[in-house]
């Protein structure tokens with residue numbers, strides 16, 4: 001009996017860790033979303049709509065994930081005999097909480113970056129590449145969703161695995177392409193920018209590289225864990241991928257927060273409040289600075 005219990009616990013560890021990370025990242029996303037709407041009420045409506053969309057998707061995903069969590073860990077339906085018959089865990093909403101919600105948020109995030117790239121650089125070819133990669137990972141993510149929703153047969157297993165591999169590859173390629181191109185573009189624009197804009201562009205470059213690498217690593221880890229690691233290890237990257245994309249968008253938007261008198265601010269002769277946010281709407285934004293530089297070319 002001890003061996004049987006150990007087997008059950010072994011196959012529940014990864015899902016438990018994934019659900020906990022999912023809830024943690026949702027809390028972070030909630031705080032970031034609240035701060036965004038409080039601090040930047042004058043942003044464009046399309047930007048606010050994107051934030052509302054990804055937050056709504058992640059809210060629905062978290063609710064359904066909690067229902068699966070309750071079924072898996074808090075009910076007596078999944079008894080000992082059930083887990084001894086099969087070690088695969090396929091709760092009711094896994095097709096939605098992992099592939100469908102994650103690929104939806106990833107597509108919105110990559111199209112958001114494609115829109116930013118076009119506004120700043122006016123490069124149709126680069127924008128088109130990002131859009132193609134985003135739509136490609138959306139299509140493969142839908143195929144992976146179909147594999148999960150069909151059940152546990154051989155056909156659904158192949159469809160889910162193939163879709164997950166293509167989804168992870170295209171998603172990682174799109175994330176890295178966006179991070180590398182935007183970093184290169186911002187580096188060029190920094191040479192003709194003011195001191196204030198250079199500070200903002202440096203922070204944006206760092207965030208783009210960090211978030212791009214993070215999303216790419218998690219996106220490629222999902223199919224690899226599904227194919228090569230046992231004990232439902234794919235639950236961990238699968239449940240957090242959408243939250244990482246959402247938080248990356250909010251981190252970039254909330255990057256405009258400033259701490260008056262902080263290390264990235266010019267030194268003044270008078271004292272200022274440490275955490276004043278009243279100057280947010282009056283500050284020169286990085287996007288405006290880039291546009292000014294691009295127009296002088």
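Heads up, the Cβ atoms here are built off N, Cα and C, so glycines get one too.
Computed from a predicted structure; not experimentally measured.
According to TrEMBL, the domain 'DUF6534' annotation covers 172-256.
Annotation source TrEMBL lists transmembrane segment at 16-37 (among others). Long-range neighbours of the transmembrane segment (16-37) within the same chain, counting only residues 6 or more positions beyond its ends whose Cβ lies under 8 Å from a Cβ of the stretch, are 48, 51, 55, 58-59, 61-62, 65-66, 68-69, 73, 235-240, 243-244, 246-247, 250-251, 253-254, 257.
Taking Cβ pairs closer than 8 Å, the transmembrane segment (49-73) reaches residues 12, 15-16, 19, 22-23, 26, 29-30, 33, 36-37, 89, 91-94, 96-97, 101, 104-105, 108-109, 112, 239, 242-243, 245-246, 249-250, 253 in its own chain, all 6 or more past its ends. The transmembrane segment annotation in TrEMBL covers 49-73 (among others).
The transmembrane segment annotation in TrEMBL covers 93-113 (among others).
If you look up TrEMBL, you'll see 125-144 (among others) marked as transmembrane segment. Among residues of the same chain six or more beyond the transmembrane segment (125-144), those with a C-beta under 8 A of the stretch's C-beta atoms are 99-100, 102-104, 106-107, 110-111, 113-115, 117-118, 159-160, 162-167, 170-171, 173-174, 177-178, 181.
The feature transmembrane segment is assigned by TrEMBL to 164-186 (among others).
Annotated transmembrane segment per TrEMBL: 207-228 (among others), in sequence order.
Taken from TrEMBL, the feature transmembrane segment covers 234-253 (among others). For the transmembrane segment (234-253), same-chain residues at least 6 beyond its ends with a Cβ under 8 Å from one of its own Cβ atoms are 14-15, 17-19, 21-22, 25-26, 28-29, 32-33, 36, 40, 43, 47, 50-51, 54-55, 57-58, 61, 65, 89, 97-99, 101-102, 104-106, 108-109, 112, 164, 204, 207-208, 211-212, 214-215, 218-219, 221-223, 225-226.
Across the domain 'DUF6534' (172-256), the DSSP tally of helix, strand and coil residues reads 75 helix, 0 strand, 10 coil. Outside the transmembrane segment (164-186), and at least 6 residues removed from its termini, the chain residues within Cβ reach (under 8 Å) are 99, 103, 106, 110, 113-114, 116-117, 120-121, 126, 129-130, 133-134, 136-137, 140-141, 143-144, 147, 201, 204-205, 208-209, 211-213, 215-217, 219-224, 226-227, 234, 290. The average pLDDT the prediction assigns to the domain 'DUF6534' (172-256) is 89.
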